[in-house]
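Structure first, then comments.
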Amino acid sequence: MKCTWLIDVTGDHATRYDPGADANALENSLVRTGNNGPAGSKSAISRQNGNGSSVATNFVQRNRTIRLRLNRFETECGWDHLYVFDGDSMFGQMIAAYSGALVPELAGETVSDLVANSGKAFIHFYSDAVYNMSGFNISYSVDRCPDDCSGQGTCDDQSATCKCKHGFTGDTCNIPVVTKETGRSSTATLMRIAGSGSGVLLQGRAMHQAVVFNHSMWVFGGKFFSSAFTQRRHLEVARYEFGSSQWSVVQQRGTNIPPNTYGHSLVSYKNSMYLYGGAHTFDSNNVTNALWRFDPARLEWAQVSHKEARVDCHLPTPLCPPVPAVGHAAVMVNQSMLVFFGHHPILGYLNMVQEYRIGSVKWELVQTRGAVVKGGFGQSAVYDERSQQVLIFGGYHSTGNAGSVVDYLYSYRPSTRSWSILRPSGIHRYLHSAALLDGVMLIFGGNTHNDTSQQSGDRCFAADTLAYDVECDLWQTVKIKESPNVTQGFRRFGHSAVTYNGSMYIFGGFNGRMLSDTLKLSPAHCEALDKECLSFSLLHGTKCIFATGEGCLKHTLANLRGYPQKKGANCSLLKHSSLPINLTQVCEKQTNCRSCLHNSFDCVWCDSTCAHKKCPKHLSAAVVKVNASQCLESESLACDKLHNCQACHSDERCAFKKSNGCIGFMLSDGNKTERAVSEDLRAECDTHCSDKRDCATCTAGQSSGCMWCSNLARCLETNAYAAMFPLGQCTEWSTGRCDRLYCSRIRSCRDCLQHERCGWCDDGSDTGKGRCMEGANNGPVVTGVDVSQVANGTEQMGATCIAPASWNFITCPACQCNGHSTCVPGTTECVQPCANNTHGPNCERCQKGYYGSPINGGACQPCMCNGHGLDCHHETGKCNCTTKGLIGKHCEACDNTNQYWGNPVDGGTCFYKLSIDFQYTFNLSHDDPFTAINFMNMPPRVGHDVEFQISCSTPALVNISISFGSPEPSGEPRGGLLQVSPTRQCGSFKMPLSHEEFKFGTRNATLYVHVFNLSTPAILQVAFSQHRALDLLQFFITFSSCFLSLLIIAAVLWKIKQKYDLYRRRQQLFVEMEQMASRPFAGVTVELCPPPYALPPQLHQPGGRPTPVALEPCSAGKAAVISLIVRLPRQDNTSAVPSGQSGIAIASALVSLSQLGGKGQQNSIRDSELQGHHKGDCWKPNTNVGTCL
């Protein structure tokens, strides 16, 4: 979404108003308050269009000063900006680029007024509409004192200047005058320094650098707000003298002056200052690796050339120092300048440490040890001589195609070239400042916002101060004693900071405006602390030690005086008041073995996971590593810290895969590891975003990861936006849409005025024709890009319009007929009909049957449809083909993929190929433009008639033709067509076609059906079938033969079945007999006793007794089947058995058996003992235990 307003108070002009404007757009966000001009001044108006872009104008009087005040402002930080220019267009002097949540933050708080001294203010708002925020409210006044003199002065209405009360100074009376130290403060103090800007009016700047030399603060370079024509070319050097509190601009000598840069680094060594890297302000694409030396005594520059410069240094490998960088940090250690991290246009966020040895004039890429850290943009770095370590804090890091602000604190020891990870602060930020005072690192300001749709306290511009105890590894938020108006303009990022005389001096920065003030941050005095001497001293920005007899002293002073200190005891007292941190979560974030073990968190490495103190339960069986020497090289690669292909391939141990990102390749060979990456394993890198020179190439592809900044004509990675444009330099960007980004490509006045940088140059014909050009309210602007000429009959217009009346910046000319008509006198209506085959209220469309873009004098051309369409798309010319199956812009081809064949050019058409004996259904919807459809069929069978059948749901005409000979390969009939039947109504009918007449199958006869005069919606059913007439004699002969054959087959099968059944019965009998033969058998002796049941003693068998002949026990042993021989009944006991009958039989019975005792435990039936029994009881069951019948 884009909105634009123009306020002009330079003259009493007639107000021009667009009838289609929405005046509420300005009233809701731009309100005049206070002394806003003389009575009767014109009210503000606006131009509103479909995408939210608007322009407002207000004309009052000449030679007036406009003051703008933000009453409320809340937009998405870093992405949605409100730009304010001192002038009548975006080519004027930029004075603000507001973003984020600015006001209200405290009750009654406001942001300092913006001043447009030209009497014109151009306001432009751009939003990507990702997050819905509350927006903003602006008020403006004319010739009022700034900021109402901050409540500390009175306003002189004649000169519009403030007369400050005693004790305050400055243009807005916002700086308290401090003549001398008023005592020792028990809290940290932050104040503006009186005298800032005295002697010279410094221009505000950000992302500059400063150092202290010879009791002065020297400021180098920085990003300045400027107009399109006033870009600063050479580096500016300013000097602030601490003694006199005076600023001066250094007059540099010689002609070898560096170009102005921002995001560079600056260090001092002996009597020289060294400036490295940064981006040029006049060309942000140019990130440099130049090293310059400045001599403050002679005020001269010299570019340093290093030794052993390799000529084969190119990306991705080999990578040679010095590597260009912006947003890096640098410190001086002994005779070496150490450069940390930064951003490179191709490599992205750098992970490297570069070292420059001043004595030997050599650069080196340091091969570091210890933890594997991730570099970024906008971090701070300080060197602590006591602990001999460099502390790097915060920054903006990449996370895939996005980025995030971090709170990491790294320690780098130059002596061992090793990294370790210290306790994070819990408060992330970048583009802040850092300074080391008496063992405490102070962090001030910065950008603390991480992308979110909710405001969680993270702000674009911070004014808080953090304190880090180097010795105890603890953080604390410093409590600041606020001086009057402390919050007005103190929030900032991109500022510089130096230390002098125990205080931290902060200069410049950005808070939506470029700042040029100087702040002084002074920690509390230990002597003023009593009970809070040790445990709460960090809260006040310092570190104190209680010394018996002397009270509270700075710990550095206590060291000098020899007071004993117990580090563990002192740090334990500080822990309860320091910022809390979850060490478990901190350990879990470490993805590398070396990073896991090189820190102060007591982490352990569990296989591939980092944990706090001990492994989690689900990894209890993991191999635990507590010493970094146990880490394998494959566990210590930094490949996952390299976010793009070019950066990944700069490390020979890494390779980039589009699906997996940057990964490491290692081969394990016992205890040895070898590098295993070769060039054939590396995917070739795509063209990097920074190498793409136009919007279409930059944004091509859904996953290109690139974005295009239109006003800077630059392509960059999406995760580099915060690093490249932290100060709102990109006023409009796109990731996929490139139309209407440039004035020269816009053809209509309406679209032209929707663009904030464009105006319309009318050609004077009073027909609406003209040219869209970059410009301002007072005329077109030439910015180095050639402007095409605009035709006006036989005259030509170049970069300027013919007359001032021809330039339109606020509203379009009243008559807008696009050069194809004129307006009815006194109205804005175009005379109808429009000429040149156009139509519409503004002659903006081509007539039916024509296509083109008639906007701004464009031509309309006839539709070219090869006779198969009456009209086409009015812009593209794509024909609406009226015959189904035709495709192409000009209906020049058949849809072969859907079985339409033929040649539609030169009077031909397309046919759908039908198969024989299938019915086809075609459903034509109401939106289809078809009025005809054609079919073809080649009957394959010889001597068979063909029947054609068709049914149409709506009225249509149909005819049938035939051709002989094979069709052309395209399906077009070969030779002429012979009409088979006259044209008739489609309806529903069948038509027989005799094979005797057309000889189907022998002469390659092909039938063609034309259905035309069809209206949609419609349903067509069509079929070709081919068959012969029925021959009764042949039918009966065939039927009889088949029937008899079936009977014979059935009889044969029945006989086969009988034979098979007999065979099966015999086989079953054999099996049964075999089973019977295999049964157990034995012989028994049967004693038949004649009456009276006794045999003569001489006939008794020795030991014989009556027993069953067989016993078959069941499986459980509790029952059995016994078989007995019994005598069958006779007529009397003495008579013999009748002839033909048996006198005995075998009888079986199921009996139950009890558990048999005795040796062997046989389940049998024993006879009863003869003692005590009658002889006639021999067959009775034995009553003893073991037998039961």
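The first residue you see is number 1, and the count goes up from there.
Cβ atoms here come from the backbone N, Cα and C positions, even for glycine.
Given the structure is predicted, the values throughout are model-derived calculations rather than measurements.
Shown for the domain 'EGF-like' (141-174): DSSP residue counts in helix, strand and coil, namely 6 helix, 12 strand, 16 coil. Annotation comment: TrEMBL describes 141-174 as domain 'EGF-like'.
Shown in sequence order, R144, C145, D148, C149, T161, C162, K163 are the residues of the chain, 6+ apart in sequence, with a C-beta less than 8 angstroms from the C-beta of C155 (disulfide bond). Among the features that TrEMBL reports, disulfide bond is placed at C145-C155 (among others).
Here the Cβ of C164 (disulfide bond) has 20 other Cβ atoms within 10 Å, regardless of which shown protein chain they belong to. Taken from TrEMBL, the feature disulfide bond applies to C164-C173 (among others).
Residues annotated as domain 'Laminin EGF-like' in TrEMBL: 815-862.
Here TrEMBL flags C834-C843 (among others) as disulfide bond. Counting every protein chain shown, the Cβ of C834 (disulfide bond) has 24 other Cβ atoms within 10 Å.
The disulfide bond annotation in TrEMBL covers C846-C860 (among others). Annotation for C860 (disulfide bond): same-chain Cβ neighbours under 8 Å, separated by at least 6 residues, are N836, N837, T838, C846, Q847, Y850, Y851, G852, P854.
Feature annotation from TrEMBL assigns transmembrane segment to 1032-1056.
Using a 10 Å radius centred on the Cβ of C173 (disulfide bond) and all shown protein chains, the other Cβ atoms total 25. Between the disulfide-bonded residues C145, C843, C846, C846 has the most other Cβ atoms inside 10 Å of its own Cβ, all protein chains included. Note: the CA-CA distance between C843 (disulfide bond) and C173 (disulfide bond) rounds to 60 Å. Cα spacing between C173 (disulfide bond) and C834 (disulfide bond): 65 Å, rounded to the nearest whole number.
Mapped onto three states, the DSSP output places C846 (disulfide bond) in strand. C834 (disulfide bond) sits 68 Å from C164 (disulfide bond), taking the C-alpha atoms as the reference points.
Looking at the domain 'Laminin EGF-like' (815-862) alone, the prediction's average pLDDT is 93.
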